[in-house]
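Notes to accompany the following structure.
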Amino acid sequence: MNNLEEFLDISEEVKEALHEKKAVVALESTIISHGMPYPENVESALNSEKNIRENNAVPATIAIIKGRIKVGLNKEELEYMGSNKNIAKSSRRDLPVMLALKKDGATTVTTTMIGASLAGIKVFATGGIGGVHRYAQETFDISADLQELSKTNVAVVCAGAKSILDIGLTIEYLETFGIPVLGYKTENFPAFYTRESGYKVDYKIDTTKDIANILDTKWKLGLNGGVLVCNPIPEEYEMDKDYINKIIDETVKEARDKNISGKDVTPYILAKLHSVTENKSLKANKELVYNNCRVAANIAYDYSNLSR
């Protein structure tokens, strides 16, 4: 750990929890800086942390601030990430640049996994993962999240992937790289706003204790890489599949026509969705994240008990 102190600031609360082998759940900061408007983004981040605390775990929101990987943000730092409009999304390729040049960066799934792993955190809650984009056979637009899942030992609890992606190809990619896809109490791979995508997970697992045991077994075997835990959006917040997919299809086409590509695609589509659905999609987004936080906290709690 000593050689990482040059780059890593772990909050006292998180440091103490890790030292005492308590449950800790990592959270990303892209959802704060790029996923929701201010001040709802900060309020949502605080609620995410609250949901984790209420389920026997310590939250550790991760961000890059002035060239430091911060693991566990205080209220002022959350406010800074939420209100500052000049914070870039930072993936694996950006990390050394951001740190060397003392920049600010919002952590994606990829960089949150890296930060969590450096700190010794094994469970991370997010909204949805990136994946293989539609038309990837032409653009080669494949999220770095998938590669990170293949090599970094952190479990990612999510509501599947947004249907802005090619979900079938995303699942094929996960299989190719040996990433287990578990469904928490479901056989279906969820599609973020909806509970089903038309595709299946690898295994339906009904308890967080079983998921914790799977993580423990995988890493004890020396099988490096994460595990994807798919936790569908609660039924009461699920959006109509045909309605949301129609809007997404139109917006994906619009983005292509405007030559919007790479890491600008998802924020563009999300902003459009929030506008067209009169913020119903924003409400759904928040609730699925809170739901993932609760499940992740329970997994982290059960996992921490294995090492006591």
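Cβ atoms here come from the backbone N, Cα and C positions, even for glycine.
DSSP assigns Glu28 (active site, proton donor) to coil, not to a helix or a strand. The active site, proton donor annotation in Swiss-Prot covers Glu28.
Residues annotated as substrate binding site in Swiss-Prot, with sequence analysis given as evidence: Lys89, Val109, Ser143, Ala144, Asp145. Look at Val109 (substrate binding site): DSSP puts it in a helix.
For Asp141 (Mn(2+) binding site), the Cβ neighbour count at a 10 Å cut-off comes to 19, with all displayed protein chains included. The feature Mn(2+) binding site is assigned by Swiss-Prot to Asp141.
DSSP assigns Lys162 (active site, nucleophile) to coil in the three-state reduction, outside any helix or strand. Residues or ranges marked as active site, nucleophile in Swiss-Prot (evidence: sequence analysis): Lys162.
Put plainly, the recorded positions Lys89, Lys162 were compared by Cβ crowding within 10 Å, and the winner is Lys162. Sequence-distant neighbours of Glu28 (active site, proton donor) (same chain, 6+ residues apart, CB-CB distance under 8 A): Thr61, Ile62, Ala106, Thr107, Thr108, Val109, Thr111, Thr112, Phe124, Thr126.
Here the Cα atom of Asp145 (substrate binding site) is found 14 Å from that of Lys162 (active site, nucleophile). Comparing CA positions across the binding-site residues Lys89, Asp141, Ser143, Ala144, the one lying closest to Lys162 (active site, nucleophile) turns out to be Ser143. Ranked by Cβ neighbours within 10 A across all protein chains shown, the binding-site residues Val109, Ala144 are led by Val109.
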